[in-house]
Amino acid sequence: MPSHGDLDRQIEHLMECKPLPEARGQTLCDQARAILVEEWNVQPVKCPVTVCGDIHGQFYDLIELFRIGGNAPDTNYLFMGDYVDRGYYSVETVTLLVALKVRYRDRITILRGNHESRQITQVYGFYDECLRKYGNANVWKYFTDLFDYLPLTALIESQIFCLHGGLSPSLDTLDNIRALDRIQEVPHEGPMCDLLWSDPDDRCGWGISPRGAGYTFGQDIAAQFNHTNGLTLISRAHQLVMEGYNWCQEKNVVTVFSAPNYCYRCGIMAAILEIGENMAQNFLQFDPAPRQIEPDTTRKTPDYFL
């Protein structure tokens, strides 16, 4: 492991939106894998902690998030996935978050989103960005191999269940989730896929997801899951919401989305959720950071919103 000084210098470099050299990126992913392999499918997290939703390569908005919420390690953070794709700076964004994880392993929790996947990143931007910035796909491979080790969910003080997408008809209990083999590419279907792809819905019961993966689940499903597992709340990301956060399903579920003006055109606010020492909840909303000069991108990503 490198010294803290080495990591601090890398983080300082990354905070200026400068990618690491390829070899350092590989070393960083190796270091992170050694940490993540020891973490759980349901990773326990203590409060206080600040919970964050999708980032999607919007690097300068991530810096704004830290300005609003506090820098690590002064603030503990839990990120619920989707660090890459869509935005212009997936490389710098995911590298910074992984570097912070390696430097402050007990203060930063990074979960897997549906975009932390080989297949999705080949379509929605991260793969092409790696080719553009490094001239080859090696860095893409280092990170997508690392993504297989990211925890699927987290549990704050045994009360607030955090994950990227939503529930699964195959998973009634947290112990069911703990029993999954997560170290693999995100499957096209099944319980692991559902955790990263499902959405809450106004209709009761389970429904077919319009996304083509995962399910929709009703208030009755969320309430039963929370009751069965002694939970007070499901916190998830995965869906853009105009105010940055949205309560639903009789406050059994909250969606947090942390990419303001998503895709640089949606005009939405972003939010993060502070969980205090006594489990008190406080939302901090923020607008986009000032626009930077947009990098030249030769290949446009598809418009379909995943």
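Any Cβ shown, glycine's included, is placed from N, Cα and C.
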Given Swiss-Prot lists D54, H56 for Mn(2+) 1, the same-site residue among D30, D74, D82: D82
Further binder of Mn(2+) 2 named by Swiss-Prot next to D82, H164, H238, taken from the candidates N114, N136, N138, N278: N114
Cβ neighbour count (within 10 Å, all chains shown) around H115 (active site, proton donor): 28
Additional residues surrounding Mn(2+) 2, by Cβ distance to the D82, N114, H164, H238 centre under 8 Å: D54, M80, G81, G113, H115, G165, L196, W197, A237
